[in-house]
Amino acid sequence: SAIACGESCVYIPCFIPGCSCRNRVCYLN
């Protein structure tokens with residue numbers, strides 16, 4: 001299951017390593 005990284009990526013990319021943008025929210029891969 002996808003684990004949210006606590007970041008949004010609507011206007012800026014994800015900063016936490018290993019996280020990617022999905023549906024405007026950063027998720028851990």
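Note that Cβ sites are derived from N, Cα and C of the backbone, with glycine treated the same way.
The shown structure was predicted, so the numbers you read here are calculated from the model rather than taken from an experiment.
Within 10 Å of the C-beta of Cys19 (disulfide bond) we count 20 further C-beta atoms, all protein chains included. Positions annotated as disulfide bond by Swiss-Prot: Cys5-Cys19 (among others).
Taking Cβ-Cβ distances under 8 Å and a sequence separation of 6 or more, the neighbours of Cys21 (disulfide bond) in its chain are Cys9, Pro13, Cys14, Tyr27. Positions annotated as disulfide bond by Swiss-Prot: Cys9-Cys21 (among others).
Sequence annotations record features per position, and here Swiss-Prot assigns disulfide bond to Cys14-Cys26 (among others). In three-state terms derived from DSSP, Cys26 (disulfide bond) belongs to an extended strand segment.
Over all protein chains present, the Cβ of Cys14 (disulfide bond) has 18 other Cβ atoms lying within 10 Å. Separation of the C-alpha atoms of Cys5 (disulfide bond) and Cys26 (disulfide bond): 5 Å, rounded to the nearest whole number.
In the three-state DSSP assignment, the secondary structure recorded for Cys9 (disulfide bond) is coil. In this structure the alpha carbons, written CA, of Cys26 (disulfide bond) and Cys19 (disulfide bond) are 6 Å apart.
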